[in-house]
Amino acid sequence: MRTEYCGQLRLSHVGQQVTLCGWVNRRRDLGSLIFIDMRDREGIVQVFFDPDRADALKLASELRNEFCIQVTGTVRARDAKNVNADMATGEIEVLASSLTIINRADSLPLDANHINTEEARLKYRYLDLRRPEMAQRLKTRAKITSLVRRFMDDHGFLDIETPMLTKATPEGARDYLVPSRVHKGKFYALPQSPQLFKQLLMMSGFDRYYQIVKCFRDEDLRADRQPEFTQIDVETSFMTAPQVREVMEALVRHLWLEVKDVDLGDFPVMTFAEAERRYGSDKPDLRNPMELVDVADLLKSVEFAVFAGPANDPKGRVAALRVPGGAQLSRKQIDDYGNFVKIYGAKGLAYIKVNDRAKGLDGITSPVAKFLSTEIVEAILARTGAQNGDMIFFGADNKKVVADALGALRLKLGKDLSLTDEDKWAPLWVIDFPMFEDDGEGGLTAMHHPFTAPRDMTASELKAAPENAVANAYDMVINGYEVGGGSVRIHNGEMQQTVFGILGINEQEQREKFGFLLDALKYGTPPHAGLAFGLDRLTMLLTGTDNIRDVIAFPKTTAAACLMTEAPSFANQAALTELGIQVVKKAENN
């Protein structure tokens, strides 16, 4: 039906007769001439109808936005004065000789001239995807997956599929369950990741595996989360953690070079402890120049309990955050930031405005100045590198609250005051995470997952002091987003059972849930390690959007619903009966 795409026509096509298929993007009727912008997935081209082709001109008068049409015509060069430098096809136009209206369009529920609500865009997603910017994002996503496959193939990785219907395992989020008709009362789980299957593939001898795979997590959603998402899943045997990172870093550098024409350079490596200490986050945005600076040792003796208490508490912390040019902030803005940090558990926000360093205490403005000596103020200013016109905010509490509050404040200030370099790419690796964290109920939970190996510890050492264990894990972070994470896996049965025990999984439960894994570990398991990238998040970064729904063709809402198909929906009673399922309605509160 077509010979060319609209958006691919150039001066090299001048004089050629072409047939185009697509949609009316815009129509301009000048009486004796009608111009339309005709659009397909590759872009837009101007088509015009003149009186010499009367039948085509007459039919063109009926055209409206989003009519699906076929046009045959001749490519012509535009006059110099009519060249449109903003269009890829702006040097040419098509003189139509024939027009076919394939399908007409009703009045559109989306307005191309206004910003539509996200609800409307998701309900009429098939129309939203016609927009050039949406089409471009999905084309970029397709390019990324193609680049990934070629890279992995070139590096000896095998693309192997793993099951979608599997067994529920604890991985930190709720499973989506699928009832079995054959085995009534039993359920499959949709995989949160192919974690155990890819480890079993390593035990099977496939030493380099990858898969671009759908995963499912029934969890509360955020702007960058979806209930179903796509991973670039990778596992290797006989490779150390640095070797895995080297290959995966090369993959990401390849993507940025091919898609953005950007050389990311070598990725710095930072420990979890350093990232939390300097940036208050395990996924620091290094485009932001501000850092948290410890000042507890300077404040242990001050007669101000808000500072002195945490400064003298081994579990406490007092940190300062220097804000370049922050002295310009108004009292209302400061109060707003004080309320902001309370979201993260902080009780308030002490500060020092640096007006004139040379004047000591007389050169600052601070509600806590009366508790500080000239020597302490000068030491704080020196340690933070404060200059005239800067602001210093303080966090004083337990270590987690200080990191969370000042880390979030750092990001917000970076955006509000334009301190974060939005034109920069800042990748890094974060390594050496704690293996376990407090579950809030007196027990421990795995910070990554229960199959991650500890660094430099035997099973007996781990059992004796699990709180000291460091995971042989690594996350890739770009511009404050965790785009991938992985670890060296446990390849020893004793170590795996020890970890299960620390997590409160007794031997009977271990056999019920992971018996197949524990059995497999008995038969010559190789050392193995892997990683998974979030394809959706990578695409989000590479296309410059801040909403992950913009890079998924048919995404869910933050309530895990599809507004277009109205899923999820109620099942009919016959289907439920066949599955042996009874729906119990919650009693309404009186």
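Even glycines carry a Cβ here, placed using N, Cα and C.
The local packing around His448 (L-aspartate binding site), expressed as other Cβ atoms within 10 Å of its Cβ over all shown chains, amounts to 20. DSSP gives His448 (L-aspartate binding site) a coil state; it is part of no helix or strand. Per Swiss-Prot, the feature L-aspartate binding site maps to Glu171, Arg217, His448, Arg489.
Across the region 'Aspartate' (195-198), the prediction's mean pLDDT works out to 97. What Swiss-Prot records for 195-198 is region 'Aspartate'.
What Swiss-Prot records for Arg217, Asp218, Glu219, Gln226, Glu482, Gly534, Leu535, Asp536, Arg537 is ATP binding site. If you draw a 10 Å sphere around the CB of Arg217 (L-aspartate binding site), it holds 22 other CB atoms from the protein chains shown.
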In three-state terms from DSSP, label Arg537 (ATP binding site) for me.
helix
Let me make sure I understand the structure: which of the binding-site residues listed (Glu219, Glu482) has the fewest other Cβ atoms within 10 A of its Cβ?
Glu219
Can you grab the distance from Glu219 (ATP binding site) over to His448 (L-aspartate binding site)? Cα atoms, rounded to a whole Å.
16
With helix taken as DSSP H, G or I, strand as E or B and everything else coil, how many residues of the region 'Aspartate' (195-198) land in each class?
4 helix, 0 strand, 0 coil
Identify which of the binding-site residues Arg489, Arg537 has its Cβ surrounded by the largest number of other Cβ atoms within 10 Å, counting every protein chain shown.
Arg489
List every residue in the same chain as Leu535 (ATP binding site), at least 6 positions away in sequence, whose Cβ is under 8 Å from its Cβ.
Arg141, Ile144, Thr145, Ile212, Phe229, Thr230, Gln231, Ile232
